[in-house]
Amino acid sequence: MVAVVGGGQLARMMAPPAAELGVHLRVLVEDPATAAAQVVVDAPVGAASDEAAIRELVAPADGRPPADVLTFEHEHVPNALLADLVDGGTPVRPGPGALVQAQDKIVMRRRLTDLGVPCPRWAALPTEPPAARSALEAFLGEAPGGEAVVKTARGGYDGKGVRVVTAAAEVDDWVAAHVAGGPELLVEEKVPFTRELAVLVARRPSGEVRTWPVVESIQRDGVCAEVVAPAPGLDPELAERARQVAVQVAEGLDVTGVLAVEMFEVPGEGGRSEVLVNELAMRPHNSGHWTIDGATTSQFEQHLRAVLDLPLGATTPTARWTVMANVLGSALDNLTDALPQVGARFPEARVNLYGKGIRPGRKLGHVNVSGDDLDEVRRRARGAAALLRGEEIEES
Ligand SMILES: Nc1ncnc2c1ncn2[C@@H]1O[C@H](COP(=O)(O)OP(=O)(O)O)[C@@H](O)[C@H]1O
Ligand SMILES: [Mg+2]
């Protein structure tokens, strides 16, 4: 029995492998209509911040069996409560000591810097507005091109909480919000990356670790739009380096379950590229959706195996290339209206729709296409995703 906090698409995509493994899922959902609540039978309603709801999720008062382990589909959970559950004997995976680095980008940067993991140059901003302003001006003064990236330490996702700035006044609102109790701020160099990579790692409590091939992830407006697995043309030595960095993070932070390590590929000394770690997600991640159709074991199955401390499955790709295209927003009333056309045009496309209400730019689903010819695989994944967004596409 696995208890999961959060009722979005990530919890929803745990349901098929849970059914296959014969594992009961109990998911705490924000609302009875969420993506996960539509497919998980045991889906109590409650907020992730609701201590009583989480306690009831783990050990129902009516005497139903308690959960073997508590895990998450997002990081926004009260850490003190998790520590308390651990003290009470409930396995929480990833544990609160690891999870905090996925909740707070300042804590994460500090810890990765201590571990010697390569990161962008960064600094935490002081709280008092005049001090914050002068610290940011000083950072900008030394920044190439006079640009830097300011981030809220907590609560950001999909680029919300990330701002490229050239002057301190551009984050006056965030500085004021922090004084009023909002999240702390950090500043990072604006990394001149050639592309973004991600390494997905799974680690179980007994220490077994597996990684999937390094992928390229393409963001539009701060949101992941497309993932190519494996990252095309990646120098095998850099791939190995990226893999080692990700394993170092998983082991160094004692992460259990699936960990996604987002990285930047940057030009290094002597024409060789290097990687810098951007951020961490301690759960299945958008950069790993390709594994549902393109690898022997999907990240969702692996997460369940890892948190249950079962042997991890093989992470071998099942095709030369897999491209995942996100469906971000749609002009349709119902995405399923596009299924006849998608099925007829792209019979090889693996469509995954999340059952979410349509809003501009919202992640509503994704399409995976696998094959030998990358250009063709990409064209088909994009084409199917475009039809699901309600767009016209060219005949081919
Ligand atoms: N230091 C940086 N330099 C250049 N681009 C950045 C930097 N930090 C973030 N970005 C861009 O913004 C995106 C979102 O930032 P990230 O820290 O991953 O926040 P989120 O939590 O919203 O995913 C990244 O995927 C990258 O495209
Ligand atoms: Mg990110």
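From the backbone N, Cα and C atoms, a Cβ is placed for every residue, glycine too.
Where the annotation comes from TrEMBL, it is an automatic prediction and has not been curated.
Now, the feature entries from TrEMBL:
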BINDING   LYS105, LYS151, GLU188, GLU189, LYS190, VAL191, GLU196, ASN278, GLU279  ATP binding site
DOMAIN    109-308  domain 'ATP-grasp'
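Annotated features taken from TrEMBL, shown on the structure.
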residue : record           : DSSP class
LYS105  : ATP binding site : helix
GLU188  : ATP binding site : strand
GLU196  : ATP binding site : strand
GLU279  : ATP binding site : strand
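Confidence across the domain 'ATP-grasp' (109-308), taken as the mean pLDDT and rounded to a whole number, stands at 97.
There are 18 other CB atoms within 10 A of the CB of GLU279 (ATP binding site), with all protein chains counted.
Taking LYS105, GLU188, LYS190, GLU196, GLU279 as the candidate binding-site residues, the subset whose CB lies under 6 angstroms from any atom of ligand 2 consists of GLU279. Residue environment of GLU188 (ATP binding site) contains 21 other Cβ atoms, counted within 10 Å of its Cβ in all protein chains. Applying an 8 A CB threshold to same-chain residues 6+ apart, the list for LYS105 (ATP binding site) reads LYS151, THR152, ALA153, ARG154, GLY156, LEU186, GLU279.
LYS190 (ATP binding site): 17 other CB atoms within 10 A of its CB, across all protein chains.
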